[in-house]
Each structure stands twice: as C-alpha cells, then as structure tokens.
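Here the structure is laid out as structure tokens; the discussion comes afterwards.
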Amino acid sequence: SNFHYDHLFYAIILCTGIWAARRTKREERRSPGSRSEVEIVGGRNLNIWVSILTITATWVGGGYILGVAEAIYNPTLGLVWTTAPIAYVLTFILGGLFFVKPIRAKNYVTLMDPFQEKYGNTIAAILFIPAILGDILWIACMFLILGGTVSAVIEISSTLSIGISASVAILYTSMGGLFSVAYTDVIQLGFMFVGLGICVPFVLTTPQAANLTVAAVTKLYQEPWIGKITTEDTARWIDGSLLLILGGLCYPAFYQRVLSTATDKQAQLTCYAGAALCPILAIPSIIIGAVAASTNWNQTSFGSPSPYEQGKSGLILPIALQHLCPVYVSVISTGALAAAVMSSADSALLSAASMLGRNIFKNIIYKKASEKMILVVIKVSVIVCGLIGAALALSTNSIYLLWIYGADVLYSMMTAQVICTFFLSQWINRYGVVSGFLLAMVLRTLVGEPGLGLPDLLPLPWDKIQDDGHKFRLFPFRTAIMLVTIITVLLTSKIAEWMLKRGLQKSVDKMNTNMDYIAPVQRDEEEEEKLNQTQT
C-alpha cells in the first residue's frame, strides 16, 4: 500500500495545481494588469493567508528540513552550526523592514525589472546569470532530495521517483503560474506539518536512543549533538550565517511573493508571519537529528556502521523515519517530505521561467512580443528549467553541494548588486555594476570549490592545508567578496562619472544610447476587448 499512498499524494497536488490553473484563467479576465502579470505575480491579488503559507512553504523546503536534521546529526557540526532557522527569521524581518517598499514602489513584476530599468537590458541580463543559475541549481537540489527520500522508503529506483516528481511539478507550474504554485504550497505545507508532526512521538520513544539531554553534552555513541564553535571557527560561522540571511534576500522567489500581495502592509505582514513560522517548522527536524545523534544504530534495523560513517548523513531524516518509526508512519512522513521538496521546486521553476519570459525574451530578444507569446515562453521555460534541473539531479548525488553552491552563487555575486541598486542607486552606474560583477566572479572562481573541481588557487589568511592538499578556509571569504564588490561598484561608478564629465567617453555613449530602450507593453486583441469593456 506504500506506493498507493504516494500516488494519492501526487494526485491531490496535481488536482490542486489544475484547479488553481482554472482560477488563473478567471483572474486573467478580472485583473487590470496584463496576462503575464497574472501568471507571474498572481495579478497582485493573492489572499494574505495564502501568501503567508506560500512564502513559508518556499523557505521551508526539502533543503531546510533535511539540512537542519543533517547539521544536528553530523558529529562535526551540531546544534550551534544549525543557523538556518534563526537566519531565516532575520531574512524575513530585514526583508519586511527594508526590501518590501523599494521593490513595490513601481509596478515591478520580477526582481530583474529594477535592474533593467536602471542599467539597460543587456547588462541586467548579464547580472542575472547567477540568479537563474541559482534557481536551476536549487531545482536540481530539490529533485535530488525527492529521489533520495522516496526511494529510501518506497521500493522504486531514484531515477523513476525523480522522473515522476519532476513531471508533476513541471505540469502544474506550467499550467497555472503563481496561483498553482501558491495553492499547492498551502496543501504541501499542511502535509508537511501533519506528516512530520506524526513521527515526532515515535522517534522520541525509540528504545535504541539514549536520553537526549545527556547525549547533548556528553559523548555517548558520537560527539555531543550541541556541537562546539572554537575561536578559529568564529569567522567561518559568521560567514555561513550571513550567507543564509542575506543570500535569501537575493532569491527571486522572495520578491515574487512580496509582489503578489495587494498592499505594502500585506507584503510586510507576510514577511513577519514567515519569520514566525520558519523556526516552528524546524522543530521536528531538530528533534529527529538529535535522536539520530543519540541512537545506537547497531541495535536498529539499519545496523552498523552508522549512517555518518557510511557517508549518508545528508539523508539522516528519511533513514531515521525508516528505521526508528513503524512502517505506516514512515510512509506518511515521506509523503510530507516529498511535499516540502515540491513546494520549493515549483517556486524556483516559476521564478526562473518568469525572468526568462519577461526580462530576457520580451525585453531583449523580441520587443514586440504580445502577452500570449510571453505566456508561451514562460510555460516553455518552466519545462526546460525543470528538465535541466532533473538532469543535474540525476548526474550528481551530493545534496549539500548543490544547495550550498546555489546559495553561495547568489550571496557572493548578487547581494552586493541588490543592495547597491535598492539603496545606493544615486551613487552608482552601469560601469560600476559591471566591474563589481566581474570582480566578484573572478574572486569567487579563484577561491575555488573542490567539490565542483574548481581548484582553490587564491591563498587567504588563516588557511589550513588538509591531508588531501585542499585548503580548509577559515576566512569569511563570501562576506569579504560581497563587501569588496560593494566598494568596487561605488568606486568605479565615481571614476566612470568623472571620466564622462571629462568627455573621454563620448564615443562609448553613442554605442550605449540604443541599449536603454525597454519595450512598451504590447496588447493583443483579447486585452483590447477587455480594456474597452472595463472603460464602457
């Protein structure tokens, strides 16, 4: 019956998606905005409860639920390194206080709009390569988690489960846009809450686990799960925390949610409610991670060596569900996990596709595009990004790598740009922005990423050489790159401005005048009819 339960779960999600797609059709007729706006930001008319649940479901995805359990269980990390639940609270509070107003001030539709408006289309497109890359890595990461968890509990190959989940998510996202994503998020969050809540009492009463509070501070089967931060680790800890806090504010899906509510007040309320819900939803993961760290795995059906020794700490949550809970509980909880994962994958799918459809296709490639064409491009982009994500998921098996790499790209390369464009825009221009971007790219590449085969060329302060010859970085390089980028953007902008005043740049400007053109919104016949009706 395991497999049937899973079928049921997919069926419910798919039906919700299709129901929401029909709602999109209704909204399109009613909404004063264009049709692509309905697809991307739900006609700026999303119910406040739905928007609170959808922003929470997007953040509390598979990476979060599995990552929190993994960090607590992993003997080299522990509770003190599990910064995500607190970091996300700060992301939402900062977002509500400082980022909601500037993005909503003009009727922007995606995070890329203000960039295109300020720097012209082409430069904005270059700046958004990391954002779209980040989204695709995120999608891959979600599909990979799905494959891993579903096949851990239900006897089907992970390739098949990645295939099924990817097709379901692609299908309902391409059909209904933001409404489908938002309404399926509500149901997925419900599944998640119930499914992970159910398993907590079973996990807590596992006979093979020692007392949690004792195992937190004393070494029983492995290092205490509270974990420790040594003085030399402090900078690295701060770097990781800032990556989660500020990286989240460059995540295009965040702005998609903020832009889809009706008023600024509602958008801010959505952020603050998300800040309250995120840590609450981490509680089951924290408990499961802690129990897994206090368990004598030798006495469970998992046997020895322990999951950590087998290099499986990334999947500790599904492993614990499978070996520390009765069968029916572990199946329900796996469904909950699948729900968590899909709710994050669909948001990333839609946000990447919206930027490709609106900002790249419409504003750069084909400026005369009608609304119908933009919609088609968005739907095709959903399918393409979904397939690339699924392909990436099938070609690697490190969840952590994909997740961190996606976040890292956004933090190192985008945070500075978002901060400059939102808050320092009177002092910066396109020359500064481009030079800052190129510098960040070069620096991040030189720091390297051994997991992706990028050599770590750049020596940094406090490096420790490991046995395999790789440098273990203690220096907070991501935050350093971000700050250096902001300074570079400001300085180069000043220099460029000074050179322009000196008239050294007249010829360059002739080339640039034709870059600033943003296509006006084209309306097709349906739009015209709708407008005439509303006017009469």
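For all residues, glycine too, the Cβ spot is worked out from N, Cα and C.
Per TrEMBL, the feature transmembrane segment maps to 7-25, 78-100, 121-146, 152-174, 186-204, 237-255, 267-293, 327-352, 373-394, 400-424, 431-452, 472-492 (among others).
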Long-range Cβ neighbours of the transmembrane segment (400-424) (under 8 Å; 6 or more residues past either end): 63, 67, 70, 98-99, 102-103, 111, 114-115, 118, 127, 130-131, 133-135, 137-138, 140-141, 144, 242-244, 246-247, 249-251, 314, 392, 432-433, 436-437, 440-441, 443-444, 449, 451-452, 478, 481-483, 485-486, 489-490
Top partner of the transmembrane segment (78-100) among 7-25, 237-255, 267-293 - counted as Cβ pairs under 8 Å: 267-293
The transmembrane segment (472-492) vs the transmembrane segment (186-204): 3 or more CB pairs under 8 Å: no
Close approaches to the transmembrane segment (373-394) from elsewhere in its chain (Cβ under 8 angstroms; 6 or more beyond its ends): 35-36, 39-40, 135-137, 139-144, 147, 159, 162-163, 166, 169-170, 173-175, 177, 345, 348-350, 352-354, 356-358, 361-362, 366, 402
Listed stretch, out of 7-25, 152-174, 237-255, 267-293, that has the most CB pairs under 8 angstroms to the transmembrane segment (327-352): 152-174
Cβ contacts under 8 Å made by the transmembrane segment (237-255) with residues that lie 6+ beyond its boundaries: 55, 58-59, 80-81, 83-84, 86-88, 90-91, 94-95, 99, 103, 108, 110-112, 131, 134-135, 229, 347-348, 350-352, 354-355, 407-408, 410-411, 414-415, 417-418, 476-479, 482
Leading stretch by Cβ pairs under 8 Å, where the reference is the transmembrane segment (152-174) and the options are 7-25, 121-146, 431-452: 7-25
